[in-house]
Amino acid sequence: MSIEQESADQSADPLDPFRQFFALERDVLVLSVAMFAFSLGFQMTSRYMAEYMSALGASVFVVGLFGTFGNVISAVYPYPGGAISDRIGSRYALTAFGLCSTLGFGIWLGAPALAGVSIGSTSLAIVAIFVGLALSQAWKSFGLGATFAIVKQSVSPSKLAAGFASTETFRRTAFLVGPLFAAALFYPFGSSDGEIVTAFQLILLVAVVFGVFGTVVQHVLYRSADDDFGKEFEGASQLIADLRAMPDELRPLLVGDTLVRFANGMVYVFFVIVVTRFLEVGLSVSLPAVGAVDLSPQSYFGLLLGIEMVVALMTMIPVAKAAERVGLKPVVALGFAVYAIFPILLINAPEDAAVLAALFAFSGLRFAGLPSHKALIVGPA
């Protein structure tokens, strides 16, 4: 075997991201730990919010409005988030964002206490959930730009997809553990609205604990003596200027990405409702060492999300390696196709636990193209 072949084999080792993780600079390591903690909290809670709201009496329209509001926040927050970081420095910005996110989880936790209070036909519990959403998304506003910048500075242009696969693997590991935690916490409870609310409050309590942990870790251990303080954000004029200055290669990707995210945004928030209230599929199995195990639809949904993320983690790095040979665009197109096909398959699926497991495994393939998608964005930028 040649030296080049041996080097290539070593670079394809799935454990490489974990080895690289422990070789990171201290500040990057601290940020990675905080990212894991907050991602865990987000993933334990965000995919279940429609179920929580339905149990509190929210209509389908309000659930859809919640999904829209979340998408708007995700689109708008990065700009002011970056501006705040420029003005007060990364350490204090991270701490402020972490506190806001943790407070958001706490507001969600306390929302049922307001279920009996209404203004007209609007329950204050639902209003509190929208307020909590605005706060809980705060930490993400810094993490998005930081991840892109760190990877671009750390790897060569030809290895951008593999570099993003490494960072995405760690973030998605929290995305795997979070739903499994949620499934375990839902396990002792039934499917009545009251039990769903109680179980989800327990999940939110765990999310608050992880939020406090992530905030304390990044504030105490993060040292950024060389923090840069940038210029003030210029508002819409700066955004328009950035769009006009966008490289030509990014324009088709932006259009395609916008269409895909628009389509996904129409259905994403309702996936849990389809599994738990439309199909009402749980899982009953008999395990040799444990005996009979009966998972409610809510608990089984967490397991389905775990299956989805296992497939994502197993395929990200191999697909990123394949992208270096076949190009980034075919891999990104594969992910877009999965985004389009999965909702159609899910709504037409039979009430069968095995079929749903296969569908969510298929859904995991949409994440396989994320590193290549990010490489397409960062490469020309």
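Positions of Cβ are set from backbone N, Cα and C atoms, glycine also.
Annotated in TrEMBL:
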TRANSMEM  28-50  transmembrane segment
TRANSMEM  56-80  transmembrane segment
TRANSMEM  92-111  transmembrane segment
TRANSMEM  117-135  transmembrane segment
TRANSMEM  173-190  transmembrane segment
TRANSMEM  196-217  transmembrane segment
TRANSMEM  259-279  transmembrane segment
TRANSMEM  299-319  transmembrane segment
TRANSMEM  331-347  transmembrane segment
TRANSMEM  353-370  transmembrane segment
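Here the transmembrane segment (353-370) lies next to the transmembrane segment (299-319) in space: the count of CB pairs under 8 Å, restricted to residues six or more apart, reaches at least 3. Sequence-distant contacts of the transmembrane segment (28-50) (same chain, six or more residues past either end, CB-CB distance under 8 Å): 21-22, 63, 66-67, 70, 94, 98, 101, 105, 108, 129, 133, 136, 139-140, 143, 146-147, 150, 170-171, 173-175, 177-179, 181-182, 200, 203-204, 206-208, 210-211, 213-215, 217-218, 221-222, 269-273, 298, 301-302, 305. Counting Cβ pairs under 8 Å that are 6 or more residues apart, the transmembrane segment (117-135) and the transmembrane segment (92-111) reach 3 or more and are in contact. Same-chain residues lying 6+ beyond the ends of the transmembrane segment (331-347) with a Cβ under 8 Å from its Cβ atoms: 161, 253, 256, 260, 263-264, 267, 271, 274, 278, 319-320, 322-323, 356, 359, 362-363, 365-370, 372-373, 376.
Across 92-111, 173-190, 259-279, the stretch most heavily in contact with the transmembrane segment (299-319), judged by Cβ pairs under 8 Å, is 173-190. Note: the stretches the transmembrane segment (56-80) and the transmembrane segment (173-190) are not in contact (fewer than 3 CB pairs below 8 A, sequence gap of 6 or more).
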